[in-house]
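First up is the structure itself, then whatever we jot down about it.
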């Protein structure tokens with residue numbers, strides 16, 4: 001672990017945040033500390049893995065998120081569970097997701113992802129681990145099954161898989177391109193991105209969207225997730241967007257290189273039209289300079305073109321200033337067919 005974990009006292013406000021109706025009308029981003037007590041980085045050979053924890057006693061629910069999501073997907077659920085049951089919750093940003101950083105983020109084979117989880121568990125509990133229940137959604141569910149099958153975790157007490165069905169995964173491939181073409185190219189602000197995630201039913205819980213969706217956005221100029229920027233103060237919770245230095249010419253080089261990766265048709269105009277974008281921008285009093293690149297973000301998700309081939313899908317205007325941008329990431333191998 002690097003530099004020791006960030007530990008916050010439990011203030012009893014998490015349950016109120018989950019249930020309070022007053023939060024239902026806000027799309028402002030929320031920090032991880034509203035739901036988890038501890039944030040830490042687990043250093044392993046070849047990478048540093050970001051984890052979030054809640055609770056210190058009882059069996060451990062080890063949460064594995066789906067493809068394109070992050071550990072913060074489990075924030076609201078972790079709070080609700082620990083309010084009702086004496087247990088611990090741990091969620092990890094898997095390789096290529098969130099704030100986890102690996103030497104090879106493109107190696108997303110089922111074997112590599114499974115080994116990552118096993119190594120994290122042994123790094124955290126070198127001697128004796130509590131009873132561990134693996135809980136995985138979609139891609140995370142597939143990884144959880146493989147981890148359990150390896151039988152290398154002595155304290156493994158249970159396995160929960162959510163939405164891991166090979167048949168439905170195969171049938172959904174045919175509509176994946178159309179699904180991705182319907183996503184907006186860009187967002188003017190974090191609140192707008194969060195609002196879209198809810199209104200489009202990508203995330204059905206507003207409170208979950210506010211804490212988890214920023215972890216799926218990265219600033220083009222720095223590569224930082226919006227989650228880390230909320231912690232550092234670069235992306236603020238107030239209504240004013242901070243400015244950053246102008247981007248150098250290396251941005252043009254990067255634009256050229258990613259354009260060559262594109263093997264799919266470019267996305268048409270965003271579902272969030274300009275009038276709605278302006279309305280949201282006005283509501284939040286965003287001070288946006290159209291000639292700067294102060295809030296340019298990349299949004300990572302996945303595109304399946306065939307059961308054994310996943311190609312990158314690059315949207316038009318990848319480097320438009322003042323936008324939270326969508327870029328489809330390359331998934332090295334399709335986990336369901338290993």
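Along the chain as shown, residues are numbered 1 onward.
A Cβ is built for glycine as well, from the same backbone N, Cα and C atoms used for every other residue.
Remember, TrEMBL labels are computer predictions, not curated facts.
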Feature region 'Disordered' in TrEMBL, mapped to one of the ranges 255-285, 286-316: 255-285
Mean of pLDDT values spanning the domain 'AB hydrolase-1' (61-207): 90
For the domain 'AB hydrolase-1' (61-207), residues assigned helix / strand / coil by DSSP: 69 helix, 26 strand, 52 coil
